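Have a look at the structure below before the remarks.
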Amino acid sequence: MEERRGAKPSKVEDEEKWVYDSSLDHKGNVPVRAQTGVWKASLFIVAIEFSERLSYFGIATSLIIYLTKVMHDDLKVAAKSVNYWSGVTTLVPLFGGFIADAYLGRFNTVLASSIIYLLGLILLCMSWFVPSLRPCDTKSCHGPRKIHEVVFFLAIYLVSIGTGGHKPALESFGADQFDDDHTEERKQKMSYFNWWNFGLCCGLLLGVTLVVYVQDHVSWGVADIVLTAVMAVSLVIFIVGRTNYRYRKPTGSPLTPMSQVLVAAIAKRSLPHPSDPAQLYEIPKSEKVHGRLLCHTKNLKFLDKAAIISAQTLAEKPSPWRLATVTKVEEMKLVLNMIPIWLATLPFGMCVAQASTFFIKQGATMNRNIGNGFEIPPASIFSLAAIGMIISVTFYEKLLVPILRRTTGNERGINILQRIGIGMVFSIATMVAAALVEKKRLGAVESDPVKGSHSMSVLWLAPQFVIIGLGDGFTLVGLQEYFYDQVPDSMRSLGIAFYLSVIGAGNFLSSLLITVVDHITEKGGKSWFGKDLNSSRLDRFYWVLACIVAANLCVYVFLARRYSYKNVQKVAVVADCYEGELEKGGPMA
């Protein structure tokens, strides 16, 4: 066993047998490549993601309907409540990702957060079935029962906390099953994010069709029981697959090495830059290295001073607070380089927020009969977004990527930021389509106040849902891949949390924009957000969003063209480096 643990790859056959990427098997040994990881492990992980998305979207897409129909909230209040919950749900992963990377490890974080998630679902069931906790269900009721309101929000925020550890740790844990230094597994990892989202969309589809149908035609409580049972079964499946997984040890707080780089750079701010970057300090090649080494890049040169070897550091054993390695400096640069990209993707998150609030509420006011007297629930129209994303991901993976690989020589087909930018164009088109449809719906209400928008089929909303789904296949998948790939290797759960925080911050910004627009338009005479949709002017709000995203896209393109990707040292050739968007020595645009 010690021979396995201490062996170093010396032959191609040895590297094919063992996985030398700092991962371990369930017994703490170097993993056997043929017995662990890749798709055999990822399928267990995708299974629990499927059930979690089923539960999440079963709750999220119907939440605004529940708040207005069962709890009798005003449209504006309900939309803000949904945005706050969605925002918290997608920002809490920043804490969950930090805990997973620094202390608990990804497997343990997924396990603990899944149990919290399950407790939230159980409490949700109790809020419907326990007589003293039930909502007010009489027609004369104009507000929620306080006890039900407290228990209901406690339940859904427990789900938020569960999602906070579940989402960042699970997705990065799945990606950990592929070895970046193995050519075939590296290509499989590029497909992993596409098929991860394919499975996610399948869970979403069932959540917004089957579960929502049960909510609308049977009982909200029965739907909660279904979600709880599915989550419990998938948790068992996840635990059963533990012998197939590859694990990573938590590496401690990622804030510590970044602080060390900053302190060391400030302490040596007066020292001149060396003419040759090779003179900067790096771990000797003879020493055992945990993780991959990064090559020097030319941006943010001030931080390079942290790696300058001064006379003082030569005279004594260097402290990490006085001397940082090139790799630690480059990791700090990676995080700082991400901040402008993160900010530039927030308007996209604002567009996504509309799909689970106003888009769903629009569907509730329209004719939902689709033949033979069958009426689809309002939230089920969201399934078109999932179908659009499935089409987009499948088209990209099976048709577009092979063609682009041959054309550009890029393993990914196009680089990650280009993929994200394409999706942003779709989000502009979504808002334009939504504005035009809402204008037509309001016209129908004005021409026939009695029948109102019920004269319009809910399928009029299909374009905006399909377009946003197609765009998600580019931007959402691209964001997942970008934040996983471009963060330091020790921060990959946190990287997925950064992606989720784009959606979370977008929800909060959407709520802020609603408040600002409401205040400004109310001063002008009449608010764009009335008691209901028919007294509102959502079409104008959608045009404002389209303009914001279009203006932001120009800024994003400027930043993306100047972005410097992660620069990793190759394993086979010690002094050679390659960038994340370079392959076989050729540049990739």
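In case you wondered, yes, glycine gets a Cβ from its N, Cα and C as well.
For reference, TrEMBL has these:
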| type | residues | note |
| --- | --- | --- |
| TRANSMEM | 84-104 | transmembrane segment |
| TRANSMEM | 110-130 | transmembrane segment |
| TRANSMEM | 195-214 | transmembrane segment |
| TRANSMEM | 220-240 | transmembrane segment |
| TRANSMEM | 334-356 | transmembrane segment |
| TRANSMEM | 376-396 | transmembrane segment |
| TRANSMEM | 416-437 | transmembrane segment |
| TRANSMEM | 457-484 | transmembrane segment |
| TRANSMEM | 496-521 | transmembrane segment |
| TRANSMEM | 541-560 | transmembrane segment |
Find the member of 84-104, 110-130, 220-240, 376-396, 496-521 that has more C-beta pairs under 8 Å to the transmembrane segment (334-356) than any other listed stretch.
496-521
If contact means at least 3 Cβ pairs within less than 8 Å, sequence distance 6 or more, would you call the transmembrane segment (195-214) and the transmembrane segment (110-130) in contact?
no
Residues of the same chain, at least six outside the transmembrane segment (457-484), with any C-beta under 8 angstroms of its C-beta?
171-172, 175, 190, 193-194, 196-197, 338, 341, 345, 348, 351-352, 355, 359, 362-363, 366-368, 370, 376, 378, 381-382, 384-393, 395-396, 416-417, 419-420, 422-427, 429-430, 433-434, 437, 440-441, 492, 495-496, 498-499, 502
Winner by Cβ pairs under 8 Å against the transmembrane segment (541-560), considering only 84-104, 376-396, 496-521:
496-521
Near the transmembrane segment (496-521), which residues from the same chain, at least 6 beyond its ends, have a CB less than 8 A from one of its CBs?
76, 79-80, 83-84, 86-91, 93-98, 167-169, 171-172, 338, 342, 345-354, 357, 479-480, 482-484, 487, 527-529, 537, 541, 544-545
When you scan the chain for residues with a C-beta under 8 Å from the transmembrane segment (376-396), skipping those not six or more beyond its ends, what do you find?
57, 61-62, 65, 194-195, 197-198, 201-202, 204-205, 208-209, 212-213, 215-217, 355-356, 359-361, 363-364, 368, 370, 413, 458, 461-462, 465-474, 476-477
